[in-house]
Amino acid sequence: MRIATLTSGGDCPGLNAVIRGIVRTAAEYGSTVVGFEDGWQGLLEDRRVQLYDDDFIDRILSRGGTILGTGRLHPDDFKAGIEQIKANLEDAGIDCLIPIGGEGTLKGAKFLADNGIPVVGVPKTIDNDVNGTDYTFGFDTAVAVATDAIDRLHTTAESHDRVMIVEVMGRHVGWIALHAGMASGAHDILIPEHPFDIEEVCKKMARRFQLGEKYGIIVVAEGALPKEGTLEIADREVDQFGHEKFQDISGLIAKEIENRLDTEVRSTVLGHIQRGGTPTAFDRVLATRFAVNATKACLRGDFNKVVALKGQEIELIDFEEAVGTLKEVPDYRYATAQNLFG
Ligand code: F6P
């Protein structure tokens, strides 16, 4: 069998571990693997590379980023290119494609499946927002990086009697903010699923100061928004892929707290540091298990599915379960964290 793979959308630690896992598993069963460069774009333009089960592939397990490169393609261009994609896959003699990506990529994979192309999807994202899987690889690494950063901010905040606002990634969901905030003992966590009231945020900090504390740490997801009518915020622009552009929510919150409370406030945006670098052991193992299971599904002809972590086990789920809705932080999880705020 001849398998193809590609990595699409924002990168994430663990992508190379998946590529390695696919190549090594395929080789074990006498199959070969082709990689398309830069996501869907490379598939459309037939930019392919043969991947060999050699020392190079073996050593990429712990390497961040993706050796295949990644990119984003507008869904309209993608759909318009379906015949070209089919022709390129046929020309390369591909029996099954394993696209690795987030919800947008999996939607694209479903479109290919609906058009008769055998695919098995592998979910990835540091945001952990793909539905149907308990975790995506990359998330654990992002949380570890953010937790380390927030631990560091605690000590400098404490030394200067300051409030620190830490902005982490999370376009639509607050998983990174929730986990990194809980792990680092943040005094407040603001996530997109629960619009915040700046008055309440300030009250919580003021209460903390009344109790004798002199500093505070607030973790905010980049996609967090104030409750309607509580804080003026400019309309968000949208980029060419339909993604909203964020406008320094941490800076805005910092300014408000400084204006309302007699305290010094600083903000830090962690940004792409959360996405770069070497994956944690957990992410390497999850990525590898996804790869092995996706490759074996291809080999036995179990197409048009997505690999997912359910409890301790890797299962195959339908595309319908993985795409369409994002996995948000449930209320009870946020409530658990809230008990510890202040
Ligand atoms: O991978 C998801 C994500 O990390 C979001 O949290 C973030 O908003 C986005 O990617 C930013 O990606 P880029 O800067 O590559 O557009």
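Note that the numbers count up from 1, one per residue, in the order the chain is shown.
Glycine too: its Cβ is placed from the backbone N, Cα and C atoms.
Binding of substrate is attributed by TrEMBL to T125, I126, D127, M169, G170, R171, E222, R266, H272, I273, Q274, R275, and within the candidate set R162, R284 the record adds R162 to that site. Among the candidates G10, G14, G174, G181, the residue that TrEMBL annotates alongside R72, L73, G102, E103, G104, T105 as binding ATP is G10. Farthest C-alpha pair in the substrate-binding residues T125, I126, D127, R162, M169, G170, R171, E222, R266, H272, I273, Q274, R275: 33 Å apart. Contact annotation for recorded positions (R72, E103, G104, D127, R266, I273) versus ligand 1: D127, each with CB under 6 Å from a ligand atom.
Around the Cβ of E103 (ATP binding site), a 10 Å sphere holds 22 further Cβ atoms from the protein chains shown. Residues G10, R72, L73, G102, E103, G104, T105 are recorded as binding ATP; their most distant pair of Cα atoms lies 14 Å apart.
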